[in-house]
Amino acid sequence: MPTRRFDAPGDPALSDLHGDLAERDLQPLWELSGLLTPTPRARAVPYRWRGKELRELGGRAGDLVPVDRGGNRRVLSLSNPELGGGPYASAPLWGALQYLGPREAAPAHRHTPAALRFVLEGEGVWTMVNGDPLRMAAGDLVLTPSWTWHEHHSPGDAPMTWFDALDLPLVEALEAVFFEPGPEPAAQSADPARSASERRFGAGPGLLPGKRPTRPTAHSPLLRHRWADTDRALASQFTVPDAETSATGHAHVRFADPTSGRDVMPTMRCEMHRYMPGHSAPALRCTGSSLTAVFHGAGFVVLDGTRYDIAPGDLIAVPSWTSVTVVAEESLDLFTVSDAPVLEALSLYREEAATDSVEITPAR
Ligand code: GTQ
Ligand code: FE2
């Protein structure tokens, strides 16, 4: 936020002018600072929510709060401590832990903010997206693009939690939020064994249906990426003979629209990273913010010089222009979601090696 200083001690005429400007809702630029900063100044801070605590608190919410309270979703939103008490993980991104108990359902609705789920543990839930039932199991990525109907069902005996990410703060800033509750009652059953979108667009590597809709959609037509496929893609990068991956100990894949190669949704980029113990990579920073969900392994991240130990289930906010280093102590699998497609579309994406760091201090 720019800071302002509109008094002009010792110059009554200028003081009067500043007063008259303020009365007419005008501000003199010559009195404003912090507006055009040399580099991006994120209001949000780097932050880590611990998986262990999220699991415990999610379970207590499951015991106490019926799913039909407050938007029909039992969700704990990540609230970045520097965003003025708002429920946002970073300026453009919503992140949350969602908890669905045994035999519960979260009924259908749709909204213009796009959403995705990355499943941290468990299986048995399915999400219906525009009539297509998608199975959710650990490591799966499930998309609910802008304005698609979605509802979650848990037919099993065990509760399930997953990580939600939405571009809600971004869409809110653009003043383009619409929401509509779905028709009651929600669907009772469907066969999520393999969804229509998976059958058509996830049938095999490089294989697309010969007959395709004439109008391409703004988002990927493949609404679920299964962990077995993601895992295989990461593992195979380590076995390509001349690959950089083997030298650096870091493999990553980007989840893409199979028909275009573009990001799965217009506003969010999803990636899965695998870091091997002993891998080395320079600290990097980029414009735009990201959220990370720790899926497997152990190690730490260094964010602007502060060290955060990480364990499965941890969720991490990385605001714009934060320098990031990842260190694996055991093979680490990290899911990341960022607003990079937006920055790229607007020609605002930049990245650089962060050479100015730093003494590492442990996190609070
Ligand atoms: O599951 O539909 O974390 O609508 C926030 C808003 C999840 C959902 C969130 C939502 C949902
Ligand atoms: Fe939703």
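Glycine is no exception: its Cβ is also placed from the backbone N, Cα and C atoms.
For 98-164, the entry in TrEMBL reads domain 'Cupin type-2'. Residues annotated as region 'Disordered' in TrEMBL: 182-219.
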Check the domain 'Cupin type-2' (98-164) for me and report the mean pLDDT. 95
What DSSP reports for the region 'Disordered' (182-219) is 6 helix, 0 strand, 32 coil
